[in-house]
Structures are given as C-alpha cells and as structure tokens.
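The Zn(2+) binding site annotation in TrEMBL covers 17, 20, 34, 38. Annotated S-adenosyl-L-methionine binding site per TrEMBL: 79, 107, 108, 197, in sequence order. Marked as domain '23S rRNA (guanine(745)-N(1))-methyltransferase N-terminal' by TrEMBL: 16-51.
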C-alpha cells in the first residue's frame, strides 16, 4: 500500500475523520487513521478516499470519460481566462494564511493555477471530489495539491477554520460548511456560469442551458456573507468539433446524451463559435455561525 505523498502528508493537519471528526495521521504501513481507529487507504494513484458511503447513494460522480474530456478541454486552454480571473481575484483579496481547499475540484486545474500564484508559494492545497477518476488526475496535477475523494454535499472531512481559501468552481455549494472550514479572514471564491455560457453548444447540440436565476440563487445562499467583488469573464471561443464534444461531455450533459453519437456527429462537423461567460465572486464571512449544520447549495 502506498505511503502518503508529500502533499497529502502536508495536508493531513487540515483533514478530519469523516466518522468522528478526529485528526488524521499517517501510519508507517501506509494507511491514514484517526485516534479512534478509523482507517483510510491511500490509493496507488496517490489520492486518499474519505468516503463513508453514508448519504452518497444516488449521487453521480464523473466517470473516466468525463474526466478525460475535461482534462483535454482544460489542456487546450479553453478555461485559461477563468483561471486567470480567479487567481487575480484572490491576489486582490489577500486571504489569511491557511490551506487552499478546492471543493468539487475535479482534475485540480483551478487549484493548481492558484497554487502557482506568487502569493501562494507556501500554501498547501486540498482538492476534494466525489469522483475517484478526478481524484487520480488531481493527485498528479501539482506537487502541493493533495487529492481526496469526498462528498461536497455533506459534512466535509476537514477541521474547523483550516482554510485560508475555499474554491467552488462550477461545483456544489455548501455555505454552512464553507463557514465552518474557513479561518477568520479567509476568502470564498465561487465561479458560476452566466446566461449564455457556452450558449452556441447548448443551443445547437442539446447541452444543458444555464438557469437564468442562478445569480439570484447564489445571493440567497450567501446570505450572511459579504461580497467583496464580482468579476465577469466573457470570452469568445471558436472550438473544433472534437473540442465541442469535450465541452459537452465533461459536464452533466454527458448523462443525458448518446455520447458516442454526439462525438461522432461533432467531430465530423465544422468549428463552432461560442462564448465563455462566467462570474468570479469573492466573499468573506460576516457572521460566523455558532453551530455549523451542513446544507446544500445548487450545483453550479
């Protein structure tokens, strides 16, 4: 059984046992355990699974094909404007020291961009995702990013006030848990799609459209938070048929289409014009709750 990587070892003080919330420590034989004896294995691909099975039945985790599509789209630079806007927003926010926690972090693309920023040279990163395929990829994305399989909808396997930054990029929003894990002076960064995001693909190829009430719902979920800034990214894109297929099949639309047929049709077609349209919202907690009860937000 593999020993924890240096990134995972550095991140262990920020993690908590999902059963008893006790601190976790690495063992010489490889597993990670808490003082109560709950034990968790480190996969040979380098990630740690802290799933308990409770409450995860029925949840859709990204499969290998979806993760590969996302990795190709990110590698092609499609989302580079979003990563740049996110790192700039965090630089301006000057968060307190602490772990950088990426919830629903997928491949670790955005966490890696933030960890590479000059102000984050000593920051420990933690990527949490329900998909073991995403966790495998995230485990090798950045030398300071630890990868953990966990459910972002429930209580997070993190200690109280351990994070200087919480990232929520196109991911489930769990405001009460954001509040619990953020240190005083910490920063929440939320990236949400705007109406018109990848509209050409959604309209022409049957992808899922952005809910026009998404921004209002975010404001309701972040009641009790102070919005420090919102940056809008609108970037025109022209993508090949293969890239268009990746953009559609990396997200929830993949569960609703015939993947092989869609990819075959798009790959044989012309380039498609669309728009990258997102909001990058930076928020600070204004009133720390006395009791943190996990709640769930809408998937971005």
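Every residue gets a Cβ built from N, Cα and C, even glycine.
Remember, predicted model here, so these are calculated numbers, not experimental data.
Mapped onto DSSP classes, the domain '23S rRNA (guanine(745)-N(1))-methyltransferase N-terminal' (16-51) shows 0 helix, 13 strand, 23 coil. Within 8 Å of the Cβ centroid of the Zn(2+) site, not counting the listed residues 17, 20, 34, 38, the chain contributes 16, 18, 19, 21, 22, 24, 33, 35, 36, 37. Site extent for S-adenosyl-L-methionine: the farthest pair of Cα atoms among 79, 107, 108, 197 sits 21 Å apart. When Cβ neighbours within 10 Å are tallied across all protein chains shown, the highest count among the binding-site residues 38, 197 belongs to 197. Each residue contributes its Cα atom, and for residue 107 (S-adenosyl-L-methionine binding site) and residue 20 (Zn(2+) binding site) those atoms are 28 Å apart. Using CA atoms as reference points, the binding-site residues 17, 20, 34, 38 were checked against residue 79 (S-adenosyl-L-methionine binding site), and the closest is 17. In sequence order, the binding-site residues near residue 108 (S-adenosyl-L-methionine binding site) (Cα within 10 Å of its Cα) amount to none of 17, 20, 34, 38.
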